[in-house]
Amino acid sequence: MDFDEVLREVGSFGLYQKVIICSVLLPAALPCAFHAYSQLFIAATPQHFCRVPELEPWTQDYVQLVKNLSIPRNRNGAYAECSMYSRNYTDIVRYLEYRPPPDLLRQQAEDLLKLQPDTTQVVPCQHGWHYDKSIYSSTVVQEWNLVCDRSFLVTLALVVFGVGGLLGNYVFGYLVDLWGRRPSFYAYLLLEIIACAASAFAWNYYTWLGLRFVVGLTVPAILASPYVLAIELVGPERRVFCTIVSNIAYSLGLVVLAGVIYIVRDWRELSLAVSMPLLMLFSCFFVLPESPRWLMAVGKTRRAIKILKVMARVNGVRVNRDFVERLQRKLVITRAAETKSSMTTHYGILDLFRGPNMRRKTLIITLIWFANTSVYVGLSYYAPALGGDEIWNFFLAGAVELPTYLLLWPGLSYFGRRWILFISMLVGGVACVATFLYPDITLLLYCVGKMGISSSFVVLPLMASELYPTVVRGLGMSFSSVISMVGPIVIPMINHMGQQMLVLPLIVMGALLILGGFASLLLPETRNRNLPQTLEEGEAVPLSFLLCCCVESERKPNNIRASPKKRILPEAGTPVFHRVDTPVSDRVPCKIVCSICKNEMRTL
């Protein structure tokens, strides 16, 4: 049974859907943004230098003096963060005790540095570190000294968070079909709030790491649940709208998170600030309906009909008296057909790779999905490392997404999916790579790259859902999205490698985007096309192969003969047409076969 027909009878986008989406589903996008990226500031690394116990009395008031006495400089002239001078600081302390403050400020330790100019050795920090608290009053890095040879533990926390997301995305696919959309969402939300709030009371790094893993388990589910519910409550003509609005809500969550971080600078307080207010979402538990589409799919017809009646009443639609009878009759027929089909056909992941066209489309979609997820998460993680005000950079990273979605909305309706996906990824990739040539405008190029990846991140799931056949659509979407979650595991390591070369992660992410952009040209356009229902229909839709000859030939009349020209051998890589005459008569039609996509066209 086509549920979209049922929605048209009760109102596919009326007051009921608008109230649910605006009051519940859009605010529900905030937890994902909060918990996915608050860790960047909970585990922020402030400026630091080696602690020298003998110079401790002067550290607070004469920081520059203490650094000159104890800290060497790097090649770029900055003070080292992981090394110090090995000196007899007892003699220096005796000298400092008898110097008045004005003399100390004036001399800047020039005389003291001459005491041991040749014999001074540089050694790693021996007694811990002093941290700059002008930006953050406290972070996990400060509390557990996750710097220097322990700095990789910060990256490890992001990797573990990504592993949790990978597993959570896999488990959520089962729970959402087993429990339903609403119970799954609130179960994950409760687990997320408890784990994030508990991490504020962690007593060591590994306890905090384990709790962040649990938070990572819930983030994909929290992100997917509002989107799935919104899509299933509206008609097909409003799904692009729901996709855009859902992403706008997510970007607003990033902007709001930047404001929360600006106010709360202690990591324990920040963990509570991004978790406890989300308990207010439970006040909507009895307002948010279960998906009637899912209820019908699992045979809970009475609950589905009850929700549909409420939907019709709120939307101001009067349904016919025989509405319930017709609906139940359709359900019986549909269930019998599905039972018969399930007895003969079972689909698995291998079905995505049986036919050559489906295999290629699955691999291309998965590659592009991996590139999108990796670069989007990577650029969001990279924002605080751009230099300058870290919180302002993160605010910009979220704010630049908002105008992108407003421009994308009409573009998807008038220009299609394929070219918008290609242009978005190409522009974003070129902007990221260009930071190597124009380092002075890295922030501007970063914003352009973020706008590009934000656009493609919206288009790809929509295009993928229109390319996978109905019988394996959910399976194909899950497969591609799960594989793409490897990106958030790998990308923190690339960002960690970029500590010595700031633009290195941007170059890697830009190259990945460009590769995915050109791969998107191999996919066929899906705008205004009927969705494939079976594997055979999906296999019959050929790849596009950039500017395939078959696409151009559709615009030309078949009965016009080209004027005879001198025969020229085609260049390598260009499509070649093979004429295959049938030996029936001299006037029979012939087949023109494209050598690239193997699509046959009949002409005179």
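Each position is counted from 1, following the chain as shown.
Backbone N, Cα and C define each Cβ position, glycine as well.
Going by the topological domain names that Swiss-Prot assigns, Val52 and Pro469 belong to different sides of the membrane.
Looking at Asn88, Asn372, Swiss-Prot tags one of them with N-linked glycosylation site, and that residue is Asn88. Asn68 (N-linked glycosylation site) falls within a helical segment according to DSSP. Cβ neighbour density within 10 Å is lowest for Asn88 among the glycosylation sites Asn68, Asn88. Counted over residue pairs 6 or more apart, the CB atoms of the transmembrane segment (152-172) and the transmembrane segment (419-439) come under 8 Å in fewer than three pairs, which marks the two as apart. Comparing 24-44, 183-203, 213-233, 363-383, 502-522 for CB pairs under 8 angstroms to the transmembrane segment (419-439), the maximum falls on 502-522. The DSSP breakdown of the topological domain 'Cytoplasmic' (464-473), given as helix, strand and coil counts, is 8 helix, 0 strand, 2 coil. Comparison of 24-44, 213-233, 391-411 by number of C-beta pairs under 8 angstroms to the transmembrane segment (269-289) places 24-44 first.
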